[in-house]
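Noted in TrEMBL for the protein shown:
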- 21-269: domain 'NADP-dependent oxidoreductase' (DOMAIN)
- Y55: active site, proton donor (ACT_SITE)
- K80: site 'Lowers pKa of active site Tyr' (SITE)
- H113: substrate binding site (BINDING)
Amino acid sequence: MTISSLTDTYKLNNGLEIPIIGFGTWQTPDGQVAEDAVKAALDSGYRHIDTARAYGNEASVGRAIKASGVKRSDLFITTKLWNSDHGYQKTKQAIDHSLLELGLDYLDLYLIHWPNPAAMRDHWAELNAESWEAMEEAVKAGKIRSIGISNFRKRHIDELLKTAKIKPAVNQIMLNPSDLQEETAEYSKKQGMLLEAYSPLGTGGLLGNETVKQVAERYGKSPAQVLIRWSLQHGFLPLPKSVHAEYIKANADVFDFELSSADLKLLDGLHGASDLALDPDKANF
């Protein structure tokens, strides 16, 4: 596919179009900071905003969307189910709560944030199945357009697919040159899921990497721009985040160059150069 602008899209397995770069809001403080960041993103041409119940900023994201004047039909909004809300009834309530906080009539994408929360290690699969059923009902009710997962590995996916009537459209995982999560990525793709890449800059840890800097110099681009472009050329959907308007705008300026196959391979070889993905079965939350 040709990658030429922020409004280019991938097609999900349910036929829905999703803009190829999303604006991430993890660790973006609720209130004016979050509102200003989302406003800057929308002003810069982003049309895909990714938030979560756990981020605590859904209301601010919603206010920024409303104030932007951008038509709802031109936007793609994602939020996520938090660990404490797993289970059928809690998930139904959580969906309604997120819609209320965001001030929206529907969500474009709703994800189970983590597959195996610490408090429910002995019955996580059952609760995921219950949550998924509630999410499927929300799709039928028109509250959600597509549903997916986040941080799921093969065994979590297999358990979910035993009862799922709607296949997950997306698996959102940490993806960057430091951690390609090959097994999870390949299995997700095999199951028809689009891979969304959170922490595409390696939680910032790759920005000072010498290899990344050298590649960036070759193209007259910043390390961040090179890492976002790397993600796109792998067919991932990157979710860069920032609270600074100049970086938000710069992170979208990735359509006037293409990394060579040699440079892609060079970046692919940076495993462990920054943080690695958390093991969802060992995370302490």
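Note: Cβ is positioned from N, Cα and C throughout, glycine not excepted.
Predicted automatically and left uncurated, TrEMBL annotations should be read as such.
Given the structure is predicted, the values throughout are model-derived calculations rather than measurements.
In the predicted structure, the domain 'NADP-dependent oxidoreductase' (21-269) carries a mean pLDDT of 98. Around K80 (site 'Lowers pKa of active site Tyr'), the same-chain residues six or more apart in sequence whose CB sits under 8 Å from its CB are T51, A52, R53, A54, Y110, L111, I112, H113, S150, listed in sequence order. The Cβ of Y55 (active site, proton donor) has T25, W26, Q27, T28 as same-chain neighbours under 8 Å, each 6 or more residues away in sequence. In the three-state DSSP classification, the residue listed as 'substrate binding site' falls within coil. According to its DSSP assignment, K80 (site 'Lowers pKa of active site Tyr') is in a strand.
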